Every structure is written in C-alpha cells, then in structure tokens.
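According to TrEMBL, the protein has these features:
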DOMAIN    101-302  domain 'ABC transmembrane type-1'
TRANSMEM  12-33  transmembrane segment
TRANSMEM  105-129  transmembrane segment
TRANSMEM  141-165  transmembrane segment
TRANSMEM  171-192  transmembrane segment
TRANSMEM  237-263  transmembrane segment
TRANSMEM  283-309  transmembrane segment
Amino acid sequence: MMRGRSLFRFLLAKTAQIGAILFALVLLTFLMVKMIPGDAASRIAGPDADAAYLTQLRSELGLDQPFAVQLWNYVAGVARGDFGVSLATRQPVIELIRDRLPYTAALAGLALAFVVVVGFTFGLAVAIATRDDRLPWLDHGFTIVTGTLGAIPELLAGIFLGYVFAVSLGWLPISGAAGPSSVILPALAIGLRPALNLARVVRVEARRTLRADFIRTARSKRLPAWRIYLRHLAPNVVTAALTIAGLVFPFLIGGAVIVENIFAWPGLGTAIVRAVVTADYPVVQAIVVLLGLLVLATNMIVDVLLAIADPRSTVRT
C-alpha cells in the first residue's frame with residue numbers, strides 16, 4: 001500500500017498534470033475557433049446585417065478587443081464556468097450543459113460498469129475453466145467470439161441491437177429517454193466492444209497468474225479453490241482490469257457521441273453534433289473542454305486506485 005505522504009505527493013503531481021493538460025485543451029479550442037473564417041458576430045447577425053449592427057455586436061461580444069484580452073477573458077470565463085451563449089439559441093451554454101450532462105454521465109457510467117463487471121467476470125471465469133490446458137474448445141471459442149464481436153464498431157453495434165431488441169422483439173425503446181429502460185441499448189452498444197477486449201486481457205493476466213509460484217504454493221497447502229481464486233488470483237488481476245478500464249473510458253466517451261445520435265439520447269453527444277452542424281462554436285468549445293475534463297478526472301481516479309493497490313504501477317514524481 002502507498003503511504004500517506006507518498007500518496008499526497010502523487011495526488012499533487014497528478015493534479016498539476018491535469019491542470020496543465022486542461023489549460024492546453026482550453027487554449028487549443030480557443031485557437032481553433034479563431035482560425036475559422038468569420039466570427040461569432042457575423043454568424044449571429046446573418047449575411048444581410050449592416051456594418052453598424054455588426055460593429056455594435058462585436059463590441060458586445062468583446063470581439064473588438066486585442067487577441068490577448070480575448071484569450072484572457074475566455075480562459076477566465078471557463079475557470080468560472082462561463083462558456084458564453086449559444087450562437088443558435090442565445091441560451092447560456094452552461095445551462096445547456098447542465099440539462100444534458102446527467103444523461104451522458106448516466107450513459108457513460110452504466111457502460112463503464114458493464115465493461116468492468118462483464119469483462120472482468122467473463123475473462124476470469126474462462127481463465128479458471130481453461131486452466132492447465134483444460135477445455136481447449138472453450139479457449140478457442142472464447143478467442144473467436146471476443147475477437148469477432150470485439151471488432152464491431154459502436155455504430156454497427158447500435159444499429160444491430162436496436163433492430164433486434166427494439167424493432168423486432170419490442171423489448172426495449174428504440175429512442176429517446178422515456179424511462180430507465182431507454183439507457184440499456186445505448187449502454188450496451190457503447191460497452192460491448194471494450195467489455196470483450198477487457199475480457200481478453202483479464203484472461204491472459206489470469207492464466208499467467210495461475211502459473212505463478214504463489215498459486216502453486218497455495219494449492220500445495222490444499223487451500224479451497226474458491227479461496228485461492230478470491231484471495232490470490234482476483235487481486236492480482238484487478239490491477240490489469242483497472243488499467244484497461246482507465247484506457248477505455250475515452251473510447252466510451254467517443255462512442256457515446258455516436259450512439260447518442262443513433263438512439264436520439266438527449267446528452268452531450270447529440271448536442272455537440274448539432275452544434276457542429278449549425279456552427280455553434282461556443283457549445284462545441286464547452287463540450288470538448290468538459291468531456292476532456294471527465295476523461296482526465298476518470299484517469300486520475302484510476303491512477304489513484306492503482307497507486308493504492310499496487311505502488312509499483314506508479315512512476316516516481
């Protein structure tokens with residue numbers, strides 16, 4: 001276990017690292033919008049606006065300020081949670097995010113839980129069942145199934161699951177957020193591929209651990225099988241599972257953007273696609289920064305759990 005002082009230094013270093021990455025992301029989103037032809041005033045006013053109105057609008061939006069002042073105002077606004085107003089609806093961007101964030105958080109959280117529980121359990125169960133080269137047909141079947149289904153992208157998985165369970169069988173709703181059951185299909189579409197890939201990693205790590213000397217020693221002491229698996233095997237596989245879970249979370253967020261639009265899920269994914277189509281860049285900036293913060297925070301949580309479970313997994317800072 002990592003000692004308190006070492007853990008504090010680790011947390012301090014990770015927080016500084018996240019702050020630097022987040023600042024770079026904020027700066028990048030600001031520069032990307034500035035490189036796009038035109039400005040927010042011309043997009044709000046439309047092509048037929050006169051010069052006097054454009055000048056007034058640019059003054060109201062602060063676009064007549066020097067570049068450095070605009071950058072400072074943007075960074076300071078982001079630090080306060082103020083991302084400006086939507087160019088399409090004139091609604092404060094933070095209100096749009098507040099309305100839609102719970103839907104994306106629920107979807108990504110359920111998908112991540114599915115990935116961890118199914119991937120870990122499936123991989124560990126197959127590794128135990130095929131230990132010592134037992135049941136080779138199960139081992140080959142596992143490899144084929146996880147390799148095939150694990151290569152299906154979220155777009156195709158969403159279409160297939162929607163057709164089977166919503167259109168054909170009518171078991172689940174096809175779109176919207178009418179109730180708790182509405183989140184099941186989108187979460188499965190997002191989590192299917194990473195869950196199967198996690199299962200493969202867990203199986204490999206579990207089989208390697210089952211051949212370790214301390215497992216053989218435990219068996220020589222005639223300990224019950226459940227005790228060996230629960231107290232000696234599972235903890236050694238958890239670190240690998242946590243590492244993969246942290247790595248797949250950004251892909252879950254990317255998959256959420258695609259899947260939300262397939263199932264008309266009212267989260268940040270549908271909002272950012274609509275904002276890109278309508279050139280509503282303040283909304284795009286805000287969602288990109290927020291999703292980046294979610295990914296960084298999740299990775300930090302995973303790193304802290306790994307540092308507590310296995311201090312060797314951390315790099316000295």
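Each residue, glycine too, has its Cβ placed from N, Cα and C.
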Outside the transmembrane segment (283-309), six or more residues from its ends: residues with CB under 8 Å to it: 1-2, 7, 10-11, 14-15, 18, 21-22, 25-26, 29-30, 33, 78, 83, 86-88, 93-94, 96-97, 101, 108, 235, 238-239, 242-243, 245-246, 249-250, 253, 268, 271-272, 275-276
Recorded stretch that, among 12-33, 141-165, 171-192, 237-263, has the most CB pairs under 8 Å to the transmembrane segment (105-129): 237-263
Same-chain residue ranges lying at least 6 outside the transmembrane segment (141-165) that approach it to Cβ under 8 Å: 126, 130, 171-172, 174, 185-186, 188-190, 192-193, 196-197, 199-200, 203, 255, 258-259, 262-263
Same-chain residues at least 6 beyond the ends of the transmembrane segment (237-263) whose Cβ lies under 8 Å from its Cβ atoms: 103-104, 107-108, 111-112, 115-116, 119-120, 124, 154-155, 158-159, 162, 174-176, 182, 185-186, 189-191, 193-194, 197-198, 201-202, 205-206, 209, 269-270, 272-273, 291, 294-295, 298-299, 302-303, 305-306, 309-310, 313
